[in-house]
Amino acid sequence: MNPLIIKLGGVLLDSEEALERLFTALVNYRESHQRPLVIVHGGGCVVDELMKGLNLPVKKKDGLRVTPADQIGIITGALAGTANKTLLAWAKKHHIASVGLFLGDGDSVKVTQLDEALGHVGLAQPGSPKLINMLLENGFLPVVSSIGVTDDGQLMNVNADQAATALAATLGADLILLSDVSGILDGKGQRIAEMTASKAEQLIDQGIITDGMIVKVNAALDAARALGRPVDIASWRHAEQLPALFNGTPIGTRILA
């Protein structure tokens, strides 16, 4: 069975209640299904807190965090350090054997600089499945942060949705993007069950899909095209629905290629 990548985002890492619900759902799912799971995470809220504490400015361009050279070390520490190890600690608490990774481990996801104007922000592309497949075959839950490294050794901050997409392409995995919202909402705040590229373009033009959600929707559309299968955007808030989601039942917005 092909693996399932669960991308975690939003304020999930800040909420003990949400993490408890998520990991309880993961335990229940793993007990009843043999399907291998991989977690990919960002941690914007962890980074924002740290930057605020250090009195450093947070600047975004087109929904992507601008990452100057003097901030990449701090952001790496927050994402590959604090955020990653927090998730590993929760996995340990729930008796799930897990391994913490970043995109560069085993060359799992290849990363190049996206745009000089964004600084240390990376473009993620499929890499080698060897390391993660080996971990999955031995029953481990890989927990992968969205920090990558270029061929010339430069650390890069990668949008976590895009990182998860590249890793899904690497592994031939299905992909779920878990976030703060229950899916993509229309102009009246109602959840849209299915989304196509043309519908997304229309909602972006109308200003209904904005900022970070544009990045999320485009990442999901890219993933659906690259993988040749639908990608789900859903909320982690409804933990009781997560096992159904992991089984392929849509509970948020299903993005069609």
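Each residue, glycine too, has its Cβ placed from N, Cα and C.
When secondary structure is read from DSSP and collapsed to three states, Lys7 (site 'Transition state stabilizer') falls in the strand class. Residues annotated as site 'Transition state stabilizer' in Swiss-Prot: Lys7 (among others).
DSSP gives Gly44 (substrate binding site) a helix state. The substrate binding site annotation in Swiss-Prot covers Gly43, Gly44, Arg65, Asn157.
Look at Swiss-Prot and you will find Asp180, Val181, Ser182, Gly183, Ile184, Leu185, Ile208, Ile209, Thr210 tagged as ATP binding site, backed by sequence analysis. For Asp180 (ATP binding site), the same-chain residues that are 6 or more apart in sequence and have a Cβ closer than 8 Å to its Cβ are Gly9, Gly10, Val11, Leu12, Ser235, Trp236, Arg237. Secondary structure from DSSP puts Asp180 (ATP binding site) in coil.
What Swiss-Prot records for Lys216 (among others) is site 'Transition state stabilizer'. Taking all protein chains in view, 24 other C-beta atoms sit within 10 angstroms of the C-beta of Lys216 (site 'Transition state stabilizer').
Close to the recorded substrate site, the chain also has Gly42, Val47, Ile75, Ala78, Leu79, Ser146, Asn159, Ala160: residues not among Gly43, Gly44, Arg65, Asn157 whose Cβ is within 8 Å of the site's Cβ mean position. Ranked by CA distance from Ser182 (ATP binding site), the recorded positions Gly43, Asn157, Lys216 have Lys216 at the top as the closest. Using CA atoms as reference points, the recorded positions Ile184, Ile208, Lys216 were checked against Gly44 (substrate binding site), and the closest is Lys216.
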